[in-house]
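Now, the feature entries from Swiss-Prot:
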{"type": "SITE", "residues": "Phe12", "note": "site 'Important for substrate specificity'"}
{"type": "ACT_SITE", "residues": "Asp69", "note": "active site, proton acceptor"}
{"type": "SITE", "residues": "Gln70", "note": "site 'Important for substrate specificity'"}
{"type": "SITE", "residues": "Glu154", "note": "site 'Important for substrate specificity'"}
Amino acid sequence: MKTLVLGSTSPFRKTILEKLQLPFHCAKPNVDETEQKNESPQALVERLAIEKAKAVSSEYPNALIIGSDQVAVCEEEILGKPHNFDNAVVQLNKFSGKSITFYTGLCVYDSEKDKTIALVEPFIVHFNQLSQKDIANYLNAEQPYNCAGSFKSEGLGICLFSKLEGDDPNTLIGLPLIKLVGLLKQHGIDVLAEQSKLTV
């Protein structure tokens, strides 16, 4: 099997990829993540996923490199990180009783063949009606000030939601695993077939 590389230092993406039980390396991509003028959220995450995968190709010239990027959008506005309690309160008040769409760009890049396959996977989070007490209790417990949207869906943030809507819960955490299996197959890697080789 060709070397598999995750173009990310995110511990959450690493944990998700480990579910496939394939050996892989992690590499940090140096990419300018500034959005371009009039760029849609979907176009932004697809472009950045591709750029992140290609950014580590000089280190791994004969590999399949996975790139991923995610933004959260509410009422057509890309959500930033709150950085402090007061900003987080404003964000969560805005989300109360509403929904947020996460767009995750996913790319698998064959650095030997210069072949790129990419897609964008949406995932929708519906929020409960949140009281000021709910918001304060949550923020004091989890302090998600470095998280876009002011919550950690993989932690206590789940208490804020009324419903999750999407094809793959891994997408919400940053790596659409079902779609990744399909992209790897298009690049010639059958994840289940590789398991039999690994156990020999």
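The backbone N, Cα and C atoms fix where each Cβ goes, glycine too.
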Within 10 Å of the Cβ of Glu154 (site 'Important for substrate specificity'), how many other Cβ atoms can you find? Include all protein chains, please.
14
Need this for a regression test: recorded positions Asp69, Gln70, Glu154, filtered to those with Cα within 10 Å of Phe12 (site 'Important for substrate specificity'). What's left?
Glu154
Using Cα coordinates, what distance in whole Å links Asp69 (active site, proton acceptor) and Glu154 (site 'Important for substrate specificity')?
17
Within 10 Å of the Cβ of Gln70 (site 'Important for substrate specificity'), how many other Cβ atoms can you find? Include all protein chains, please.
25
Which has the fewest other CB atoms in a 10 Å radius around its CB: Phe12, Asp69, the listed recorded positions?
Phe12
Between Gln70 (site 'Important for substrate specificity') and Glu154 (site 'Important for substrate specificity'), what is the CA-CA distance rounded to a whole number of Å?
15
